[in-house]
There are 2 protein chains.
Amino acid sequence: MIKRNTGFSNLTAGYLFPEVARRRREYAAGHPDAKIISLGIGNTTEPLSPHIAKAMSDYALALSTPEGYSGYGDEQGNSALRSKIAEVFYPRMADASEIFISDGAKCDIARIQTLFGSKVKVAVQDPAYPVYVDGSVVAGAAGKNNGNGYEGISYLPCTPENEFFPDLSKIEKNTLIYFCSPNNPTGATATKEQLKKLVDFANENGCIIIYDAAYFAFIRDKNLPKTIYEIPGAKTCAIEVNSFSKPAGFTGVRLGWSVVPNELKFEDGSSVNRDWNRVMTTLFNGASNIAQAGGLAALDEQGLKDMTAQVDYYLENGRLIKNVLEGENFRSAGVVAYFTGNGPYVWAKFPGKASWDIFDKILDECHVVTTPGSGFGPAGESFIRFSSFGHRADIEEACKRLSLLKL
Amino acid sequence: MIKRNTGFSNLTAGYLFPEVARRRREYAAGHPDAKIISLGIGNTTEPLSPHIAKAMSDYALALSTPEGYSGYGDEQGNSALRSKIAEVFYPRMADASEIFISDGAKCDIARIQTLFGSKVKVAVQDPAYPVYVDGSVVAGAAGKNNGNGYEGISYLPCTPENEFFPDLSKIEKNTLIYFCSPNNPTGATATKEQLKKLVDFANENGCIIIYDAAYFAFIRDKNLPKTIYEIPGAKTCAIEVNSFSKPAGFTGVRLGWSVVPNELKFEDGSSVNRDWNRVMTTLFNGASNIAQAGGLAALDEQGLKDMTAQVDYYLENGRLIKNVLEGENFRSAGVVAYFTGNGPYVWAKFPGKASWDIFDKILDECHVVTTPGSGFGPAGESFIRFSSFGHRADIEEACKRLSLLKL
């Protein structure tokens, strides 16, 4: 018989979000009258912009006409969309040949591990979005979990003590560094100075940065970089992964992109962009053409305005959550809430408590689902992530209940 | 600096279809007046069923309303669609927990290699759809190309001499066997007796079959199996990969599924279905919800009728191509054309000729793009694949030109 891939036997426990969903289901089954509100998974809740939805609707209907029909497109994405993304988000920073359209950032992160294989050293921020680690384990780039994380992965603590920016001196040469800004789960958004340090370190030490910018649209502070390519030198050391999920509400529609600069090279001088092109043409077959039509509409004048309004809505939710977490009941228990106004998550520390205990307590007493910080890595222990995605009325109701939580 | 994944440096030449596209572009640039017709890539050309297109159009528009909006769905797919696929295509053969919705068969084949990792032995039919081999090379399950194929991959010739069914005795124990029926590129469709041999062999020798059934909708002979699960014993040895691309014209819309039986086990007794669930939840994020709405419409009474009509259209194209390849100019050159009426491809042997030479000759003299058989594996040399996907008028015009080809 065929052996199980050790990458899978090494993976411990379930993927974080299915586990959160399981606990929620179990609680709901035992408490059928509880009106549960989710501030857990970062899942968009507000309807699409009518402008963007109409573009997809029209495109889908036209597929039933000879003029409007289209079969396989280019696996790298519709060239008009690639150009438009370059023009809107990367002026003088990247061109269309460096933009690859995907079915979302998570899927691209999985493919990136295929690109680098099992021999690469990996470093992640701690806490971090679980897919960086889980994907590395599946790809064989990490070993067993020794209880404090997987062998072969460097965990770089990002905590209030270091302003959520890692100690780069802990990273070995020639490492693949996953870095997320605005950060999931901490919400921290790297400054230009911080990113410059990161880029310089990578260039000096032969590292490649996988820069996850999926929350870039939440950045409101004009001094904060929205893409790593604002930093000189980034094109020789960084891939940027990005998404329409959060700005356009495309979590279910599925559309994202990655930027793989032509300047980026492997040790043997060969082009990373060329191998990525091979990944996308050989192991992928293009994002849905309907979703891509939506992406184009999202990037015209009306679409950009609508996306900004949608993100503003979620940012206001975040402020409401932050305010309640600064209430007397939380303050007297020593809780500190971090919310920058430039990301979708409120990250709160409950000193001396275990994340899953606080998760269960909030679920039980407030009927509010959150995400336990420890699910994002060892340094996330004692933290809870509150997602600002939700209908305003639900957020207000959740805040009311949280204000009564006894800690 | 970071080393290139040897999986990529081992990959030789370009992926077949981009290479075909490159030669076409180059020819067109040198011959701007040539009206080139493609019988190359198996790309659907006929408009979607209005019924299916309307379902997607309505769904997309409703995403702009609070009632119609939906964010992340289950990564394994919409449960109604999983159930419907089980009910329509696998009655008494598989249930919804064994059906996983994807963004297409090609993408699932790439993920399947992640599932099995770099240590698995691989066997492919020869000729075969290139992704089985290229994906295995990228995953590290194969070595260098020694000119006659990649080290570590068993090539199983499928030729007219063995009625396109491989000699199973050449397969080692505990091998992952890729098998495609109706076959791409040969068009051969396995009988129940042949598949029973394959299933029995796999069960007796600890092999797992990756059964690519993406062309199942072309089967018109009621005695031929449309799914491997019609064969007793298949659930302990086979994964079936499938797609809406060809029956529904979803090549650009992107929707497929795989069946991973609960009975299928690794050597250690662990469940393949459970690891596949982990692949889909960790490394994927669900197919587009709009495409899934289209999938549901494709499986109701009207949708099924429309899909049958669309496939009938392509089958008639295939018959026209087969007829012209039996014309005097071809026959006198010893050309033999294989077309079963149960698959979308006409597979023709040009004795004593190299596939790429015939490809270039047909492109030059007829302005018709085909696919060289050698691109599918060593045993495809001297063959040309003619795709039956095309508008009828184009097929007729291509046939007229082919009837004048001087061989």
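Cβ coordinates come from backbone N, Cα and C, glycine included.
Just so you know, TrEMBL annotations are computer predictions that nobody has curated.
Keep in mind that this is a model prediction, so the values were computed, not measured.
Per TrEMBL, these features apply:
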| type | residues | note |
| --- | --- | --- |
| BINDING | A:Tyr15, A:Gly42, A:Lys106, A:Tyr129, A:Asn184, A:Asn285, A:Arg385 | substrate binding site |
| BINDING | A:Tyr72, A:Ala105, A:Lys106, A:Tyr129, A:Asn184, A:Tyr215, A:Ser243, A:Phe244, A:Ser245, A:Arg254, A:Asn285 | pyridoxal 5'-phosphate binding site |
| DOMAIN | A:35-402 | domain 'Aminotransferase class I/classII large' |
| MOD_RES | A:Lys246 | N6-(pyridoxal phosphate)lysine |
Length of the line joining the Cα atoms of A:Asn285 (substrate binding site) and A:Ser245 (pyridoxal 5'-phosphate binding site), in Å: 19
Between A:Gly42 (substrate binding site) and A:Tyr72 (pyridoxal 5'-phosphate binding site), the C-alpha gap once rounded to whole angstrom: 31
Cβ packing number for A:Gly42 (substrate binding site), 10 Å threshold: 24
Cα proximity to A:Lys246 (N6-(pyridoxal phosphate)lysine), best match among binding-site residues A:Tyr72, A:Lys106, A:Arg385: A:Lys106
All-chain count of other Cβ atoms within 10 Å of A:Asn184 (substrate binding site): 26
Neighbouring C-beta atoms (10 Å sphere around the C-beta of A:Ser243 (pyridoxal 5'-phosphate binding site)): 28
Of all listed recorded positions, namely A:Gly42, A:Tyr72, A:Lys246, those lying near chain B with CB under 8 A: A:Tyr72
Long-range Cβ environment of A:Lys106 (substrate binding site), under 8 Å and at least 6 residues apart: A:Val131
Residue, out of the binding-site residues A:Tyr72, A:Tyr129, whose Cβ gathers the largest set of other Cβ atoms within 10 Å: A:Tyr129
Distance from A:Ser243 (pyridoxal 5'-phosphate binding site) back to A:Asn184 (substrate binding site), taken between C-alpha atoms, in Å: 14
